[in-house]
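Here is the structure we will look at.
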Amino acid sequence: MRTAPSLRRCVCLLLAAILDLARGYLTVNIEPLPPVVAGDAVTLKCNFKTDGRMREIVWYRVTDGGTIKQKIFTFDAMFSTNYSHMENYRKREDLVYQSTVRLPEVRISDNGPYECHVGIYDRATREKVVLASGNIFLNVMAPPTSIEVVAADTPAPFSRYQAQNFTLVCIVSGGKPAPMVYFKRDGEPIDAVPLSEPPAASSGPLQDSRPFRSLLHRDLDDTKMQKSLSLLDAENRGGRPYTERPSRGLTPDPNILLQPTTENIPETVVSREFPRWVHSAEPTYFLRHSRTPSSDGTVEVRALLTWTLNPQIDNEALFSCEVKHPALSMPMQAEVTLVAPKGPKIVMTPSRARVGDTVRILVHGFQNEVFPEPMFTWTRVGSRLLDGSAEFDGKELVLERVPAELNGSMYRCTAQNPLGSTDTHTRLIVFENPNIPRGTEDSNGSIGPTGARLTLVLALTVILELT
């Protein structure tokens, strides 16, 4: 009686072995793949071992966390045929060795898990199929497609009396995974303090406990320093720079004169403003990153570099944003040079303004490359603008139906960015218009009371002659 359980156990093991022999032997494994770059050819290998007769091999694309399996390729051993289920992909995959699928140009959308299912016939009956499967994760990388450096909160005015914070934004798009972004100044990496939140706009100059290193010996222009201090002395003595009240008799240096754009414009005065304060230490930089996923699976990275701007040191400084990414063979880079506006070029149309014309005065560039984008303010020296306003913000000043009274009037254009400010003065010469009798227009360029009375008399004369 005691031997009965042992006998039954032996019989069960024997039957299991017989069933295994009947079903056949089948194991499946897929070789792991390192991350691949979009556009490369990828081969998914499904290795299997069996002593049975193969029925089919099916590849699946797994989506939605494994809840959906999309059949992408099938090899039917019964009919020795294979066909694609990826109609939307226009049969991009090829079955190389019955157990291998090749994607000639992998895409970011191909990223994700895949499964290979292999089926063999049961040896006991051909109506049953024994299945085994393996899985692999295809990690598709994509290098960044664009990089750009811009200034935040621009255009912005130049601060003459106090320091202000300045932020450069490096925008990197199209990368997967997110790239590493960092800044350099004049070719040297910037040791920045990481920030998780943006600094408050009203927090004042940014500070850090780390020791400062002086930059005066490296970047400060003694000429700029002396001129800045001379302007400060003039202000303390009660005087003002001539650029704020230009004189009609002033003859500026011909080297800085702009070419006149209309006839008989006698002078164009260019000035440059400098700050009334000077820093003597290297600024502390603060760096903050943000990441925004895109619908195509890539990530947009924004790196924000903030520091307390010092125009004496930062003007003409070269800042570069560099990107490192596993899909790039070398870093990606974008550069900007911080430059204050200098020597605005003014174009006036028409070239010969007459009474009643609409005159346009446009800033048509600078003598240098300016960054960040400047803001423009127009004023009329000694009076208000034609429309009665004190000033106008914009790149182009439009004077509609100019009257003769504007002949000889001077206009000031102030171009400024956080690095500095420059003033340009130009004089408007208005010529007589033979189509408009002298004295018949008012200050707005329209027909005045005298012209109206003359028109009325002529009309009455014509009516009387007709009657």
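Every residue gets a Cβ built from N, Cα and C, even glycine.
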Per Swiss-Prot, cysteine bonded by disulfide to Cys116 (from Cys46, Cys170): Cys46
Of 198-228, 229-259, 260-290, the range Swiss-Prot labels region 'Disordered': 229-259
Three-state composition of the domain 'Ig-like 2' (344-429), taking helix and strand from DSSP: 3 helix, 40 strand, 43 coil
Nearest of the recorded positions (Cys46, Cys116, Asn165) to Asn407 (N-linked glycosylation site), judged by Cα-Cα distance: Asn165
Other CB atoms, at most 10 A from the CB of Cys46 (disulfide bond): 25
For the glycosylation sites Asn165, Asn407, the one whose C-beta sees the most other C-beta atoms within 10 angstroms: Asn165
Confidence summary for the domain 'Ig-like 1' (25-132), mean pLDDT rounded: 80
For the domain 'Ig-like 1' (25-132), residues assigned helix / strand / coil by DSSP: 9 helix, 59 strand, 40 coil
Spatial separation of Asn165 (N-linked glycosylation site) from Cys116 (disulfide bond) - C-alpha basis, Å: 57
